[in-house]
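S.K.: Have a look at the structure that comes next, please.
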């Protein structure tokens, strides 16, 4: 009875194609809900990160090496939102890939490249914040625009090379050809790689994450020591010198920036950890993860691209002010690029 029921309700991605994948659709109500949730994430990733990029590039007050890194990170998240999430949304909800094999490879390549680019950007931002907090007065001479440019280049080139190697050379499927052949069907876009490449993928997540955790642990330790030192010097001497006052203001500003970006790093780790663990389990235990669990892990990672602008809006008054100027159209006025965005 069960087999007859399954056969009667069996749906295919392409009804008239022999090698079509099996379609496992959700109920109409759940599909509408999922389209709303996933679509909202894509729109937020596109619009929010576009606002970040425009803010940094337009307002001269934001032209700094650290902010250029943030703008480049926002560019990667923007590309995830516009070129990855909409198509993944259809695949996740319809359980079929309707965009062809060629675009499947390109989409998968972009998916991996842009997401790992975000990880490397955050790693370099952690290095930037570490230098800024531990040595704020010397920081401008250490982390220059050229250094920022090198970090940005590495953050884009390495993920693009890695993802191209995975999806366009075929070496990632060596040793699992039978599995790839068994999973191959019309209307599918499965990413299957061997254990060696899964380990490389894990290291691409683990190493930057470990660097971030170590650096931010040191950052908050140093920040705490600085806060105690400043409080002691202020309470011990009412006639604080202008140099000490300047040091205190600079240190306070850098600590605040480090705190905000620390929240960004934490959001990245929480978002990406489920997907990373899931890929390891699948690679070494025979792809035992249910489809809905895998999709949840994927979208947890995707949604990270939409989180960063919300974090900036919550913690950065200058971003809220820049956002208002952009949305109101005031940036189209002359000399708007010289508008002061900081209260101090």
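Each Cβ is built from the backbone N, Cα and C atoms, and glycine gets one as well.
As the structure is a computational prediction, the values presented were derived from the model and not from experiment.
Per Swiss-Prot, topological domain 'Extracellular' is recorded for 1-36, 89-102, 168-196, 282-295. The feature N-linked glycosylation site is assigned by Swiss-Prot to 4, 18, with sequence analysis given as support. The feature disulfide bond is assigned by Swiss-Prot to 21-185, 96-189. What Swiss-Prot lists as transmembrane segment is 37-57, 68-88, 103-127, 147-167, 197-217, 261-281, 296-319. The topological domain 'Cytoplasmic' feature in Swiss-Prot is assigned to 58-67, 128-146, 218-260, 320-344; the stated evidence is sequence analysis.
Let's see these features in context: how buried, what's close, how far.
M.R.: Long-range Cβ proximity for residue 18 (N-linked glycosylation site), meaning a same-chain Cβ under 8 A and a gap of 6 or more residues, is found for none.
Its own atom aside, the Cβ of residue 185 (disulfide bond) has 18 Cβ atoms within 10 angstroms in the protein chains shown.
Remote same-chain partners of the transmembrane segment (37-57), defined as residues 6 or more beyond its termini with a Cβ less than 8 Å from a stretch Cβ, comprise 63, 67-68, 70-71, 74-75, 77-78, 80-82, 85-86, 88-89, 92-93, 299, 302-303, 305-306, 308-310, 312-313, 319, 322-323, 326-327, 331.
As a summary of secondary structure, the topological domain 'Cytoplasmic' (58-67) carries 7 helix, 0 strand, 3 coil according to DSSP.
Taking Cβ pairs closer than 8 Å, the topological domain 'Extracellular' (89-102) reaches residues 13, 21, 23-26, 31, 34-35, 38-39, 42, 187-189, 291, 295, 298-299 in its own chain, all 6 or more past its ends.
Residue 96 (disulfide bond) falls outside any helix or strand according to DSSP and counts as coil. Cβ environment of residue 96 (disulfide bond): 13, 21, 23, 187, 188 lie under 8 Å away, each six or more residues apart in the same chain.
Outside the transmembrane segment (103-127) by six or more residues, the chain places 66, 69-70, 72-73, 76-77, 79-80, 83-84, 87-88, 97, 151-152, 154-156, 158-160, 162-164, 166-168, 189, 191, 201, 204-205, 208-209, 211-212, 215-216, 219, 261, 264-265, 268, 272, 301, 304-305 with a CB less than 8 A from a CB of the stretch.
Sequence-distant contacts of the transmembrane segment (147-167), counting only residues of its own chain at least 6 positions beyond either end whose CB sits under 8 Å from a CB of the stretch, comprise 65-66, 68-69, 72-73, 76, 105, 108-117, 120-121, 124, 127-128, 193, 197, 200, 204.
Counting only same-chain residues 6+ beyond the ends of the topological domain 'Extracellular' (168-196), those with a CB under 8 A from a CB of the stretch are 12-14, 17, 19-23, 91, 96-99, 104-105, 107-109, 283-284, 287.
Proximity of distant same-chain residues to the transmembrane segment (261-281), defined by a Cβ-Cβ separation under 8 Å and at least 6 residues beyond the stretch ends, is recorded for 115, 118-119, 122, 125-126, 129, 198, 201-202, 205-206, 209, 212-213, 216, 219-220, 288-289, 293-294, 296-298, 300-301, 303-304, 307-308, 311, 315.
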S.K.: CB neighbours of residue 189 (disulfide bond) within 10 A?
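M.R.: Excluding its own Cβ, residue 189 (disulfide bond) sees 19 Cβ atoms within 10 Å.
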S.K.: Mind checking which residues of the chain, 6+ beyond the ends of the transmembrane segment (68-88), have their Cβ under 8 Å from one of its Cβ atoms?
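M.R.: Same-chain residues near the transmembrane segment (68-88) but 6 or more away: 38-39, 41-46, 49-50, 52-53, 56-57, 99, 103, 107, 110-111, 114-115, 117-118, 121-122, 124-125, 128, 145, 148-149, 151-152, 155-156, 298-299, 302, 304-306, 308-309, 312.
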S.K.: How many other Cβ atoms sit within 10 Å of the Cβ of residue 21 (disulfide bond)?
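M.R.: I count 20 other Cβ atoms within 10 Å of it.
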S.K.: Please indicate, using numbers and ranges, the residues of the same chain that are 6 or more beyond the transmembrane segment (296-319) and have a C-beta under 8 Å from a C-beta there.
M.R.: 38, 41-42, 44-45, 48-49, 51-52, 55, 61-62, 70, 73-74, 76-78, 80-81, 84-85, 88, 92, 115, 118, 256, 259-260, 263-264, 267-268, 271-272, 274-275, 277-278, 341-343
S.K.: Against which stretches of its own chain does the topological domain 'Extracellular' (282-295) lie, if we need a Cβ under 8 Å and a gap of at least six residues from its ends?
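M.R.: The answer is 24, 92, 95, 192-195, 198.
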